[in-house]
């Protein structure tokens with residue numbers, strides 16, 4: 001009955017009726033004083049988003065009053081955890097801050113950085129056994145910190161106030177994710193250099209028009225990298241446009257020691273390259289509408305007079321139709337989906353599909369080996385924090401009416417909690433798609449037409465990692481399918497050039513990209529998004545089965561046919577059996593099955609990965625960026641569950657050397673048959689820029705599916721009702737008065 005009722009709620013009513021911190025550097029009249037102003041959209045830059053430790057009610061931080069579609073105005077000072085996987089609360093962040101401030105490691109130094117502070121999740125077995133109403137397992141915080149140039153990994157027990165240290169292995173390289181304050185803090189370092197200021201002046205750039213970005217330096221086994229945490233700074237002119245990315249000060253790169261806050265070196269090999277004029281690059285609607293209205297369609301809105309048919313209990317438990325899952329914001333991965341269960345329409349039982357899923361790492365290598373570009377091989381989650389770059393979603397444009405908005409609460413470098421408002425939205429989506437249909441043809445003389453509308457639940461986040469915007473969706477469908485989707489938009493990272501037309505480019509010269517406009521080249525690059533998918537199909541012990549689709553020739557006289565396709569099933573025994581490069585002419589299906597659970601007719605229950613976005617890295621495996629991002633050497637990996645193996649590029653990614661990656665773990669070739677195993681999948685994009693990407697890119701998307709395969713006894717949405725005219729309201733246009 002509950003299942004049928006949930007499906008009926010899906011009858012929706014249809015009516016037709018867009019970071020990195022970009023710091024503007026202003027040099028006032030006094031040359032000895034530098035002001036750093038944050039952009040208005042940078043939530044972490046403003047003290048108004050900090051949540052101060054206080055018992056006074058007037059210090060409660062509310063969500064900003066935006067539009068009528070933002071229906072949740074949460075106050076977080078009094079939040080308490082209700083579930084073992086609930087993120088740290090404001091009170092818990094403040095307690096971690098107080099405990100560490102009094103600890104000898106931190107008390108004895110004037111400055112330290114807490115790079116990450118997050119919930120140390122309880123052991124998986126405890127979480128699975130926990131039931132609502134049970135006491136919560138011990139709450140602990142996992143902390144990475146930089147103290148006197150050294151990395152530390154700590155656990156803070158919030159029940160006992162104890163602090164325990166985890167020794168970082170001497171064979172593991174790298175540094176923790178940068179704190180936002182560290183990124184911002186390096187931007188005024190170049191201004192202390194006479195050489196830098198002279199160069200800016202020689203380029204004809206006014207200091208008031210200077211905009212600079214902190215760029216991770218990668219690792220290239222150079223002497224200068226030894227025992228130093230380095231970052232590079234490159235700058236732009238924002239004169240006459242908000243789109244300063246289109247006005248690079250080409251060839252000027254400042255290498256900065258992040259801990260000492262000093263310039264290590266300055267490279268300037270672009271003095272002869274002009275700064276592009278930036279004409280017609282401002283993409284804001286307030287500017288574009290001055291050129292006349294450009295409305296291509298009438299406004300469209302999804303109306304739900306009875307409200308959404310999903311609920312969010314205790315702030316994190318999402319229930320919709322036949323789905324239930326835990327949802328939270330995370331500073332490194334952005335969104336974490338946990339304990340995903342789907343209700344079986346035959347038994348009304350909630351069945352386990354996935355214990356945990358999230359974006360583990362992003363790798364974005366630019367394909368230009370020249371001095372000012374070779375190091376641009378970003379790992380956005382491990383270096384910058386993908387969740388830290390998440391922007392407040394724009395109601396009605398990022399998310400539709402009746403969307404539910406969830407905040408992120410994270411820790412600043414000193415441990416003080418701050419708010420990332422409207423970071424995630426949840427909404428129902430209907431675009432006129434069909435869940436299933438059939439019409440009988442006239443030959444049968446059966447007048448049958450049956451069609452069912454397709455309604456999905458979407459969980460969304462948008463991260464602005466400097467110029468690029470990533471739209472991350474988790475989509476849940478009533479037929480049991482889960483779709484992970486990535487949209488790429490934002491602004492290209494471009495290179496300045498002396499050329500303003502292709503007829504000026506010598507035939508033997510390679511541009512490393514596309515001439516997009518006068519003096520602007522869009523550089524070729526890749527995007528790889530690697531997902532961690534701890535599938536628990538009807539339980540934790542699963543197997544990975546590769547189903548090869550092979551051509552089978554018929555025997556002489558067997559059939560008029562010469563050949564047919566045959567499915568050949570192979571269960572992977574160890575990790576190397578499941579290191580898979582996708583091949584167009586060697587097709588396969590990839591099943592996660594539970595060998596101990598069978599359907600009524602004897603098939604093992606399972607889910608299959610349906611790949612898409614299959615661009616693969618073509619870089620040399622020994623190229624330093626590729627060694628660091630060895631998790632992109634295959635599209636599919638299977639590893640045994642290990643709580644410490646969640647980040648595909650390793651725990652410490654910044655300046656890592658590739659010694660703690662998914663490739664390293666998988667090469668141990670551990671047993672994976674009928675074990676608690678994790679599926680890893682990498683979505684890939686090759687991007688050769690084109691003029692349509694200028695000055696801002698239309699969104700390009702790709703996705704992959706996790707689809708039930710013999711999981712249900714039959715079509716799980718067979719009983720789904722159609723839409724009827726009387727179910728839908730009639731919407732009429734009316735005056736605003």
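Every residue gets a Cβ built from N, Cα and C, even glycine.
Annotations in TrEMBL come from automatic prediction, not curation.
Feature annotations, reproduced from TrEMBL:
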ACT_SITE  380  active site, proton acceptor
COMPBIAS  74-85  compositional bias 'Basic and acidic residues'
DOMAIN    176-275  domain 'Copper amine oxidase N3-terminal'
TRANSMEM  7-27  transmembrane segment
Helix, strand and coil residues within the domain 'Copper amine oxidase N3-terminal' (176-275) as assigned by DSSP: 27 helix, 29 strand, 44 coil
The compositional bias 'Basic and acidic residues' (74-85), counted residue by residue under DSSP: helix, strand, coil: 0 helix, 1 strand, 11 coil
Cβ neighbours of residue 380 (active site, proton acceptor) where a neighbour is any other Cβ within 10 Å: 27
